[in-house]
Amino acid sequence: MTYHDDPYELGLFWHWGPIVTLILSATVTLTTWKWWPPEESLFWSAHFALYVLLNVLSLYNFVKAVLVGPGLLPRGWHPVNPKEAKYMQYCKKCEGYKAPRVHHCRRCDRCVMKMDHHCPWINRCVGWSNQMYFVFFLFFYLMSNLHAFCVLTISGYQFFMDSTEIARRHHNGNLERYLRQHFFGIFMAIMSFGLTIGIVLCMLKLLVIQIGAILKNVTDVEQWIVEKARARRYKKNMKPFVFPYNLGWKLNLAEVLNIERQHRGHGIEFPVVKGCNQYTLTLEQLAQKAEKRNRTRTYKCILPATGSWLPIWSQGLRVIFDSPLTDDPRIKLEPNDLIRVTRKRKHWLFGERVVGDDSRKGAIRGWFPRRCAVEVNDNGDTIVNAAAKPEAPNASKHRVGKPKKSDKINKDL
């Protein structure tokens, strides 16, 4: 049994990622077919059949990666044994618990099983159900564009030699007329030649990353969790963290390539190494989240934040130029909102808005301009950085020691 709320929806292709991918594929394929050498030999016929096969296989796996999807955990999911809920994280968006290796994707707005990353080119996450199709798509797409690159190189060289021969035997006027007749074809060949180079390099990089992750049986999200676990345990002189799902490259490869083996666990349970259990990674995540909560600072909104990526009119150019270069969302705030801040920049803060009784829509975690909020203590009093205040001439004796009550603004905002 697999979990899909939206299987085989053709609307998933109505997105700039799949549209651009299909347009690029059609451009390269048609141009390569147009410039295919005219020799009717068995060699070139076999090459053409191979090229068509590579394109069909890449298109098939692309469509399957989109339509099958990564595997979505049902909204409101909870473990069969209620006692196991304490080992899991709770998703406020989906109003349910997260099974092991499940993470919430804000673009899909769903909890995804064995989530690796969200790929805009397929408009879906890469996860438990479609990772095999995604890897095969990368491989066949790489090979088809590499094949097209070779054909365009050979045909381009032959065209150049023919043009040189025309220029040698006839006047330049004949060459100019010849080039004008083939201008559009030359333009498409040059453009497709550049596209094949870019596509081959991109597909090669993505394929290497995916194969490396598969051989270690680790996702991109889990790799980040493991790195934080090692650093956290090293600082605390704790026992090194053991990633529970690395079974050796052969078994790891079987987890992706063997569909029957995957379906036995339904994307909820996975084989683990000796000494670990299904919740080893989840418990480490909970410990990291607990430490993160201890490091958070509470801020109170004093000025409205529009949630805009470029709040030029409301915040000014300095805030725009320091805007975080990430795809994290921006959150909309209203005065008196409380935010748990975990990251700071000079003009921006990242945090989670404390959800009250209101039913406001939009992201609750993301960046917002720093000038829109002030830090407050547990009592709701504003905390003022004494170092930032102008020092009085006779205040040097108060530099060391506990801050006085006058160093804080006790007015409740």
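Each Cβ is built from the backbone N, Cα and C atoms, and glycine gets one as well.
Over in TrEMBL, the protein carries these features:
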type	residues	note
TRANSMEM	12-30	transmembrane segment
TRANSMEM	42-63	transmembrane segment
DOMAIN	87-224	domain 'Palmitoyltransferase DHHC'
TRANSMEM	133-161	transmembrane segment
TRANSMEM	182-208	transmembrane segment
REGION	386-413	region 'Disordered'
COMPBIAS	404-413	compositional bias 'Basic and acidic residues'
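Mean pLDDT, taken over the domain 'Palmitoyltransferase DHHC' (87-224), works out to 90 on the 0 to 100 scale.
Counting C-beta pairs under 8 angstroms (sequence separation of 6 or more), the transmembrane segment (182-208) reaches the transmembrane segment (12-30) with 3 or more such pairs. Here the transmembrane segment (12-30) has Cβ contacts under 8 Å with residues 6, 55, 58-59, 62, 66-67, 119-124, 141, 144-145, 148, 188, 191-192, 195-196, 199 of the same chain, all six or more residues outside its ends.
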